[in-house]
Amino acid sequence: MAAGSRTSLLLAFALLCLPWLQEGSAFPTIPLSRLFDNAMLRAHRLHQLAFDTYQEFEEAYIPKEQKYSFLQNPQTSLCFSESIPTPSNREETQQKSNLELLRISLLLIQSWLEPVQFLRSVFANSLVYGTSYSDVYDLLKDLEEGIQTLMGRLEDGSSRTGQIFKQTYSKFDTNSHNNDALLKNYGLLYCFRKDMDKIETFLRIVQCRSVEGSCGF
């Protein structure tokens, strides 16, 4: 193969393998609208996966009486992400700046990079997706990188990275098949769904503020 053709193929392969193109002299600046579109696609995918998996798990394993007692008990329904200061209603959310909402979203994403491993068997056995833990982890990492890129663009025009948030969820015994293990998995799925919903909502608000014509969908 000619040297020129080989170089072209390598360049094309590199571009396809990078979901978030690094901004520098080698590449033109990626439009902000495209960066938001990429982030929103991943956020929506994660939220939909979390919602469907939670619903499927609930219908298959959690009796109604257990569901109600779980949701009404602050100790079992409290998510670790509650320790991350987040707006609790629409008014508070609108008062946050774009960078604040992106930072909150980044912390929420990073808080799941380790705990999501405890749900590997749940994702693998899901009839809705049958996805693997690594697929979910890759989506989280891609979205983490995308949010960091957006923060850099909105702040000073450059990409940025941040400290990974250290998870402190209690260890979940996914190897056990007793009711306690089921409720622990149910609790994790409940929190995962809740946090992915927040992330998609916050990103949608920032996109609406930042990209003309992106509101209302």
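Cβ atoms here come from the backbone N, Cα and C positions, even for glycine.
Model, not experiment: these values are computed from the prediction.
Among the candidates CYS79, CYS215, the disulfide partner that Swiss-Prot records for CYS191 is CYS79.
Cβ-based crowding with a 10 Å cutoff singles out GLU200 as the top-ranked of the recorded positions HIS44, GLU200, CYS208, CYS215. Closest to CYS79 (disulfide bond) by Cα-Cα distance, out of the recorded positions SER132, GLU200, CYS215, is GLU200.
In the three-state DSSP scheme, HIS44 (Zn(2+) binding site) falls into the helix class. Candidate recorded positions: HIS44, SER132, CYS191, GLU200. Nearest to CYS208 (disulfide bond) by Cα distance: GLU200.
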